[in-house]
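Some notes on the structure that comes next.
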There are 2 protein chains.
Amino acid sequence: MAPKKMIINLDIRASQFNAFWRLPETDVAALYDFETYRRLAQRAEAVAIHALFDADSLGINPEDAAYTPSRIFEPTGYFSALAASTSRIGLIGTWSTTFNEPFNLARKLASLDHLSKGRAGFNLVTSALDAAARNFGLDELPEHDQRYARAAEFVEVIRKLWTSFDADALVADKETGLFTDPGRVHRIDHEGTFFKVRGPLTTFRPPQGWPVLSQAGESEAGKALAARYAELVYTGAHNRETAKAYRDELRVRAEKEGRDPDSIKLVQALHGAMADTRAEVEDYMARITALTPATDELRRWERMTGWDLSALAESDPLPPLPDPRSTNNYQTQLIRMHQMVESEGITTVGELIENTRQRKHSKLVVGSVGEVADHMQDWVEYGAVDGFVVGHGDQTRYGVDAVLDKLVPELQRRGAFRTEYTGTTLRENYGLPAAP
Amino acid sequence: MAPKKMIINLDIRASQFNAFWRLPETDVAALYDFETYRRLAQRAEAVAIHALFDADSLGINPEDAAYTPSRIFEPTGYFSALAASTSRIGLIGTWSTTFNEPFNLARKLASLDHLSKGRAGFNLVTSALDAAARNFGLDELPEHDQRYARAAEFVEVIRKLWTSFDADALVADKETGLFTDPGRVHRIDHEGTFFKVRGPLTTFRPPQGWPVLSQAGESEAGKALAARYAELVYTGAHNRETAKAYRDELRVRAEKEGRDPDSIKLVQALHGAMADTRAEVEDYMARITALTPATDELRRWERMTGWDLSALAESDPLPPLPDPRSTNNYQTQLIRMHQMVESEGITTVGELIENTRQRKHSKLVVGSVGEVADHMQDWVEYGAVDGFVVGHGDQTRYGVDAVLDKLVPELQRRGAFRTEYTGTTLRENYGLPAAP
């Protein structure tokens, strides 16, 4: 039987290793030069990667930037610049529904979809850091489920705005002088709990109808939102059984929302570090781990989860982990921590630090190129996921070069990944139905 | 004596003639294709135009789009895509201080400045249409002077954010593992009337220190804001005497704010329609005027000013014009209407409509290429303005082709416009001082 074809998105952030910049081979200046990412995007397009993806954050603490580079480009401009530098690859940015106005964001995404001729995706987040809230007049984040309630209404509003111009609104009749038929342009007159928006949008319907909606987050509220609206869902499951259970659950829940279960795709975050041989990549992993300040890793994680371990010594037994629902920040990060503590048998604070330093909580896959390809095929054949969002490690031959020059070609040779784009728009390339 | 060198920015909107798309030579599909504007930007860069400029609007009424194309691209993505398509020319977009959050906008503009390596400009507007307010939870615009008070605090906040990373904050010491010196990254802890923002920004200081700030608007509140913050001011004066008086006033007011008067530049909007001979361009003007639905022009103007003439017949005498300060919308548009009525000796509603249709209220300059060049040089030599923002008419040989292929080369031959970029950043190219 022919192998199943997988989705591959490329995570274009600099690296999942916070200390990658300390490697002798990392050119720090290049990290802040758009040309670096333009070339990366063009290389990814040359091997038919479905889409580029980037996360985002709306706030940092001064100490956050001390040990690892912070983001330099904000998503609207960044993905638009990448759109102008490519012609086929999808472009999925991350925007917050908590700290944006739906009208502004609907417009930006419609514009990106027009600019890219149908390649835009919207990864929806509710923001999970108090450092973000403090840049928007608040002392801390709105309560978790409130953020998700706002997110749901937000999606309703932007969908209404995206369809406020009928697909045939453009007339452009030079004889009569009618450019747009005002009868095919509609106010939306939305009045809800969070938003009051009259509409219409200022621009024609986006080429994809609406951009591909993607979402991550495995809290109950997050899953409900995904089942209702998301077309692409990100996960970072600890094993293929967990992923399959989640995929099955999403498909059932989507069906209950009246959707075709094939209209929701699950992709697993996979951070690969690979080389021709396992010995070579293990040497690389030892080098990068030695450069990683372990306590800083832990402090970052504490800020994400709100769980404070700073008073404990490394030899202290690990206290019981908090219930993920107890945090108003990243519930998903606490879920990951639970999974790691269980699967690695962690009993002390020191072991937690060491495992964090080795990024056992992230979906790191270390191995030869063939082993990583085997792993990906195994998950897809098992029905755990529809594909992956691959983090490229870093800008070395163990990171992005290995992914684009070795891993993807290997999967193509095996028939597990396409060799060319199958559609014009991102929606078509994912095999997703047209927006209504 | 050598002629004074002038600033030339190019207004990249499709046309100032609302009916331009009805001309047989206009390719309507090209208006919605980013490639059209990419080529335009590259052509403008080839003749050393200082900057590309575009206005913006955050709301339309369905009927607004009926007779003329609406904007398709929003400014953040558009100018970032243009940044990725050029390397020298400045990029000045328009953003509203009323309907954006300062943190989000500071970040977008810092990102554009990094992406373009120091070519970003921020044209600050307070928004003047109730159609915009209705997309942001309001029934009408906040009161005029309130909007300007918010704008002033907005600029204070974004400047603090842009300087929240010291210029030498990036350490990137591979030995010690210190990437950013946290002692050189500062919270801003702003608490004012409109905003509470903790900071820091998420990214390093922009290459220009901060993007070039530009502003238009000739209300008292607008002038006060310009004198305090703006480095580039747009006007649309009816004659060179009015412009000179305004320029002199701005320079005196800037000095009172403790600024060097040469750090504020006044540029006049100039909408050129030109050809090798006057007869040729007059024929073109007759064609475009015949295609322009006059009452629609008037209705658009009514929506901008809030002054309703719809109950009157064309033969009715023109009622007294309202005081510009009476409108909560575009005070500047009412000032223009006053100037036109006076200078053209308009006495009836019909005459107002006909003059509007011929765009006598706009800074239209019709003539041979030599005549338009004479006009521009005359204003600059008189000390009325530092330069122009040239609207290109349309995508025909009377519009953009004439500006870029004939007018600019003519001014270069006369020594009134430079032939190459004199600096790396937009700030340097304007001869503006470095941001503190």
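Easy rule for this one: first residue shown is 1, then count along the chain.
Cβ atoms are placed via backbone N, Cα and C, with glycine included.
Taken from TrEMBL, the feature domain 'Luciferase-like' covers A:30-384. Summarising the annotation, TrEMBL assigns FMN binding site to A:Asp56, A:Thr94, A:His144, A:Tyr148, A:Ser219.
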If you measure every Cα to Cα distance among A:Asp56, A:Thr94, A:His144, A:Tyr148, A:Ser219, the residues said to bind FMN, what is the biggest one in Å?
19
Using DSSP and collapsing to three states, where does A:His144 (FMN binding site) fall: helix, strand or coil?
helix
Looking only at DSSP and grouping its letters into three states, which state does A:Thr94 (FMN binding site) belong to?
strand
Below 8 Å Cβ to Cβ and six or more residues apart, same chain only. Which residues does that give for A:Ser219 (FMN binding site)?
A:His144, A:Tyr148, A:Pro324, A:Arg325, A:Gln331, A:Thr332
Which ones in the same chain are close to A:Thr94 (FMN binding site), with CB under 8 Å and 6+ residues apart in sequence?
A:Asp54, A:Ala55, A:Asp56, A:Pro75, A:Asn123, A:Leu124, A:Val125
